[in-house]
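Notes for the one structure printed next.
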Amino acid sequence: MGLSTSNTSTQSIITSFTINGVVCAVFVLGFLLLRGRFKRIYQPKSAYDLIAEDKKPEPLPSGIYRWFIVLIRKPHAFILQQAGIDGYFFIRYLYVLGWICFWGCIVLLPILLPVNVVGGRGNKGFDLLTFSNVTHHSRYYAHAILSWFFYGGVMFVLYRELFFFTSLRQAALSSPRYAKKLSSRTVLFQTVTDQFLDEEEFFKLFDGVKKIWVARAQPDLSAKVKQRQEMAMKLEAAETKLLTMAYKAKIKAEKKGEVIEPADEIVCYVPQKKRPSHRKFPLFGKKVDTITELSEKLPELNREVEEMQANFRNARPLNSIFVEFESQYLAQIAFQTVLSHSLLHMNPKQIGIEPQDIIWSNMRLMWWERLVREATAAAASCGLVVLWAIPVAFVGMISNITYLVDKLPWLGFIMKLPKVLLGVITSLLPTIVLSVLMSFLPIFIRGFAKLSGAASTQQVEHYTQNVYFAFQVVHVFLITTVTSSATSVVTLIIEHPQDAMTLLASGLPKSSNFFVSYLLLQGLSVAGGALLQIATLVMFYIMGLLDTTPRKKWTRWTSLSSFSWGTAFPVHTNLAVITLSYAIISPLILLFACLCFALLYIVYLHNITYIFVESADGRGMYYPRAIFQTFTGLYLGQVCLLGLFVVGKGWGPIVLELIALGITIFVHINLLAAFSHLVTVLPVDCMKPSDGVSETPSYPGQKASEANFDYQNAKDVKAHATQPLTDAMASDGNQESQWGLQPLLAEDVDYYEDPPNYSRFFRYFLPSVYLSYAEVKKMLPEIFHYPLEADMAANEHAYDFPDVSATQPVLWLPRDPMGLSEKEIDKLDGVISASDEGAMLDHKGKSCWTTAPPNVGNRDDETERQEDLELVL
């Protein structure tokens with residue numbers, strides 16, 4: 001054989017590191033060369049007026065490395081302001097994982113690597129550095145004791161992160177920016193009983209009810225509004241094409257020295273037979289003039305839509321209602337209250353849903369239908385797990401295919417391949433195929449989420465996070481580990497079946513080589529590709545060539561990408577699970593994982609703060625789920641280690657590991673009990689003032705005479721509320737003057753005193769002091785201290801079926817030098833509104849724009865430099 005199987009581990013990892021490193025270097029070099037020229041791709045939030053002014057970041061400096069130094073020094077408040085709560089905690093998750101791996105390297109590598117190397121089994125290559133090389137039972141104690149320290153430390157970090165999350169989430173949600181939002185004061189109740197579908201009846205349940213929206217069924221209205229929109233956009237495209245053809249005909253005539261007369265008649269430029277046309281039925285049927293045909297149909301369709309909108313209140317009510325309360329405090333009380341004695345009614349409930357995030361098709365579900373749908377979605381997910389196991393298992397076999405050569409002689413040609421090519425086949429190819437296989441799953445999972453009855457985009461993403469993580473662990477980790485481990489020792493198992501358990505145990509650490517390659521793929525190639533933004537670059541500049549109307553070009557220019565947290569978190573949580581599972585068995589994986597998470601942190605810190613905009617606001621709901629899912633890595637690592645101890649008959653280490661596993665279970669259960677409810681609600685003491693009567697962003701306040709205590713107590717409260725402020729209190733920017741300076745109940749009595757000045761090391765182990773609500777509140781960015789401006793007109797129909805308030809589209813036509821666009825607008829009078837303001841045809845006859853389309857907020861793009869506008873053309 002050209003290459004021994006014992007050396008393939010070294011070759012595969014070296015090959016994987018080399019190829020992924022080269023790919024990453026090319027991507028980073030491309031980013032450094034392009035970021036200054038293509039600011040729309042790499043600096044859209046800071047270079048252009050594409051987001052709200054109060055969230056626009058300062059541009060990063062130019063140069064090869066200066067931007068990087070400035071970026072990593074950005075404070076927490078900056079990241080929170082640019083990324084939102086969800087994005088901030090995603091970035092923080094990568095940061096925390098990177099530090100766990102770093103300290104794991106410091107603690108574990110100096111001890112475990114020498115223990116493994118002198119283990120006595122005689123493995124070669126990277127296998128020499130794993131647990132599989134250890135034969136002496138007494139040396140198992142090193143692994144058992146260090147697993148106590150390492151996994152115990154990880155559990156403390158996870159507890160600390162949960163503590164920090166609850167403090168920051170509560171501080172953010174009780175800030176004026178969130179507390180005054182309509183969504184924070186509105187609760188969705190589903191499976192509502194018939195009695196409370198009557199607005200007047202629901203007012204009897206709670207005090208402080210301000211407005212009620214009853215979801216009503218109007219499927220015909222949705223279809224007609226959609227049809228109207230499609231027809232309007234088709235008419236806009238046809239009109240734009242007609243004007244473009246006319247202008248190009250003028251340019252062509254001028255080149256020939258001809259003059260078209262009369263100059264303001266479009267038929268002189270475009271003959272009737274060349275006007276935009278279409279067939280009534282695809283591929284066959286008579287061709288008709290598109291503009292004439294749509295101009296005849298649109299007025300009638302618009303009348304039907306307006307009539308149905310006017311009679312919307314007569315439509316059949318569904319069993320879901322949205323209730324707006326006068327304050328966030330009252331909304332939270334309703335959200336946290338059991339409302340009905342009837343089983344499975346007035347539930348589920350949601351708070352904090354924005355109108356655009358509602359999945360209206362799931363507003364009508366009955367309780368029994370919801371149960372059936374949930375069971376169906378769960379069954380479909382399980383079926384997909386089984387179906388996907390086949391190709392994933394094959395990928396795992398490929399990663400250790402060299403071990404099969406002895407029993408499958410026809411595979412002998414593989415060992416004759418060049419070392420580099422063999423390394424590509426056993427390391428790079430399986431990881432790429434596995435990544436591609438897993439990329440298709442979210443499409444199905446999100447479909448299952450909607451099938452199960454998810455009421456909002458956030459619920460869809462949360463469902464996807466749970467299911468996709470299960471897929472990641474089962475397929476990427478478990479199945480790949482089993483098949484890879486079994487493949488590496490299959491020859492020996494056939495020859496010595498009585499030693500199957502021992503042989504499988506010895507093969508388990510060897511499968512870590514595949515995951516080292518997988519980490520390198522994610523940390524180098526994937527991270528580099530994310531920094532270069534290849535897909536965005538191609539879609540914007542290549543696919544942008546197909547945009548023919550000003551509206552399409554404006555939409556492409558102003559639309560920024562956002563993250564789908566339901567898939568972003570599970571991929572990286574699974575990387576954490578893989579790393580933690582192999583941290584003791586194959587400690588060298590920590591070194592590669594540290595590099596992986598460090599690069600991913602830098603890339604996503606840049607992309608989320610300077611490129612991507614916030615997606616549907618989950619208010620941090622994905623982070624605690626990721627933290628609890630990380631416990632999977634602790635369990636798998638301890639169980640695998642326990643299995644290796646059992647096979648090796650190391651009875652002392654077995655006892656130690658059993659105790660450690662029991663402690664992990666105990667900690668996990670108690671953390672779930674302590675935080676599960678706390679991460680979904682806003683506690684009362686985070687909304688009410690310490691005096692019980694003052695106004696806060698969440699609480700409307702009350703007069704002392706209305707409070708439930710006697711006159712003397714009221715006087716005491718008033719005296720406390722008006723006592724002089726300390727310097728620390730007055731300088732605290734988190735207490736806005738417009739809401740008063742009265743602290744909340746959640747803030748301790750010593751809130752205005754500085755905590756003990758311990759060293760940074762000791763402060764880390766005192767989260768109850770240094771990560772308390774009062775301390776974390778100081779991290780909030782300035783914009784959190786001011787409420788968002790409310791659009792009262794839009795709020796009137798905010799939680800009505802969206803098509804109820806849908807207005808007739810306004811066509812946006814490009815202005816031409818001949819004045820033909822004005823004539824076309826006049827012809828459309830009585831058919832549909834149209835405008836040519838801010839859109840035009842350039843000297844080549846291409847559409848371009850300078851302002852936002854009609855009925856869309858102007859972003860003041862006309863103030864941008866001319867060279868920036870040239871990118872739009």
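For all residues, glycine too, the Cβ spot is worked out from N, Cα and C.
Look at TrEMBL and you will find 12-34 (among others) tagged as transmembrane segment.
If you look up TrEMBL, you'll see 13-161 marked as domain 'CSC1/OSCA1-like N-terminal transmembrane'.
Summarising the annotation, TrEMBL assigns transmembrane segment to 93-113 (among others).
Feature annotation from TrEMBL assigns transmembrane segment to 140-159 (among others). Remote same-chain residues near the transmembrane segment (140-159) are listed as 96, 100, 103-104, 107-108, 111-112, 115, 131, 134, 580, 583-585, 627, 630-631, 634, 637-638, 641, 645, 648, 650, 652-653, 656-657, 660, 663-664, 667, 671, 765, 767 (criterion: CB distance under 8 Å, separation of at least six residues from the stretch ends).
According to TrEMBL, the domain 'CSC1/OSCA1-like cytosolic' annotation covers 184-362.
Residues annotated as transmembrane segment in TrEMBL: 375-401 (among others).
According to TrEMBL, the feature domain 'CSC1/OSCA1-like 7TM region' maps to 376-645. In the predicted model, residues of the domain 'CSC1/OSCA1-like 7TM region' (376-645) average a pLDDT of 83.
Positions annotated as transmembrane segment by TrEMBL: 421-445 (among others).
Residues or ranges marked as transmembrane segment by TrEMBL: 466-494 (among others).
Residues or ranges marked as transmembrane segment in TrEMBL: 514-542 (among others). Distant neighbours of the transmembrane segment (514-542): 12-13, 16-17, 20-21, 23-28, 30-31, 34, 38, 40-42, 126, 396, 399-400, 427-428, 430-432, 434-435, 476-477, 480, 484, 556, 561, 571, 575, 578-579, 582, 588-589, 592-593, 595-600, 602-604, 606-607, 611; these residues of the same chain sit at least 6 beyond its ends, with a Cβ under 8 Å from one of its Cβ atoms.
The transmembrane segment annotation in TrEMBL covers 563-584 (among others).
As annotated by TrEMBL, transmembrane segment applies to 590-613 (among others).
Per TrEMBL, transmembrane segment is recorded for 634-652 (among others). Counting only same-chain residues 6+ beyond the ends of the transmembrane segment (634-652), those with a CB under 8 A from a CB of the stretch are 131, 134, 137-138, 140-141, 143-144, 147, 151, 154-155, 477, 501-502, 505, 508, 577, 580-585, 658, 660-661, 664.
Residues or ranges marked as transmembrane segment by TrEMBL: 658-682 (among others).
Per TrEMBL, the feature domain '10TM putative phosphate transporter extracellular tail' maps to 764-854. In terms of DSSP helix, strand and coil, the domain '10TM putative phosphate transporter extracellular tail' (764-854) has 32 helix, 11 strand, 48 coil.
Taken from TrEMBL, the feature region 'Disordered' covers 850-873.
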>> Short question: most Cβ pairs under 8 Å with the transmembrane segment (590-613), which of 93-113, 563-584, 658-682?
In response: 93-113
>> Quick check on the domain 'CSC1/OSCA1-like N-terminal transmembrane' (13-161): DSSP residue counts for helix, strand, coil, in that order please.
In response: 115 helix, 2 strand, 32 coil
